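A.B. asks: Have a look at this one.
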Amino acid sequence: MSDNFALHGTTILCLKKKEEIIIAADGQVSHGNTVLKSTARKLRTIANNKIIVGFAGSTADGLALFEKLEIKIEQYNSNLLRSAVELAKDWRNDKYLRRLEAMMIVADRSHILILTGNGDVIEPENNVAAIGSGGLFALSAARALMSYENNLTAEEIALKSMNIAADLCVFSNHNIIMEKVV
């Protein structure tokens, strides 16, 4: 099995409904077709819990990028968009960073951003973003639920969407962890 396949072996979902922003992640760590851990924590908070980061891909690479983002957040006074763009510049220009196999979703009260392994910074439409092998399942479910279930909270939509993704993606599980942007 290709090592590149490990890059997408997870599900991270972020959504905003009204003023509520939730990031959710499954807990499964896989290597090839083997589950190594089912209770991993793939979400981190920075800037006094005002910014939440979820990462998919190589754990070591994700943590390395998280540390670099945290430095940028401190450097640019918790300005998420500026910090993400500056990290992306470094990511594109640094030989070491370009080899890292990870993607991140980062969110604060104003922005939901996807940072890709190519150094892209993408602000998704429709207030929903997802990455990882189960990302498209979670994204589709969340967009449908947001369109047709007005009575559900952001947290309820995230949980239902993540469970659908876990039902369909063998590299994601039902051990869902959620963080709310404050």
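Glycine is no exception: its Cβ is also placed from the backbone N, Cα and C atoms.
Below are the features listed in Swiss-Prot for this protein:
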- THR10: active site (ACT_SITE)
- ALA166, CYS169, SER172: Na(+) binding site (BINDING)
A.B. asks: Within 10 Å of its Cβ, which one of these recorded positions (THR10, SER172) has the largest number of other Cβ atoms?
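C.D. replies: Result of the Cβ crowding comparison: THR10.
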A.B. asks: If you take the centroid of the Cβ atoms of ALA166, CYS169, SER172, the listed Na(+) site, which other residues of that chain have their Cβ within 8 Å of it?
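C.D. replies: Close Cβ neighbours, site residues excluded: THR11, ASP26, GLN28, SER133, GLY134, PHE137, MET162, ALA165, ASP167, LEU168, VAL170, PHE171, ASN173, HIS174.
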A.B. asks: Does DSSP put ALA166 (Na(+) binding site) in a helix, in a strand, or in coil?
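C.D. replies: Reduced to three states, the DSSP call for ALA166 (Na(+) binding site) is helix.
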A.B. asks: Fill in the CA-CA distance, SER172 (Na(+) binding site) to THR10 (active site), as an integer in Å.
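C.D. replies: So the alpha carbons of SER172 (Na(+) binding site) and THR10 (active site) sit roughly 5 Å from each other.
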A.B. asks: For CYS169 (Na(+) binding site), list the number of other Cβ atoms lying within 10 Å of its Cβ atom.
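C.D. replies: Looking across every protein chain shown, the total is 22.
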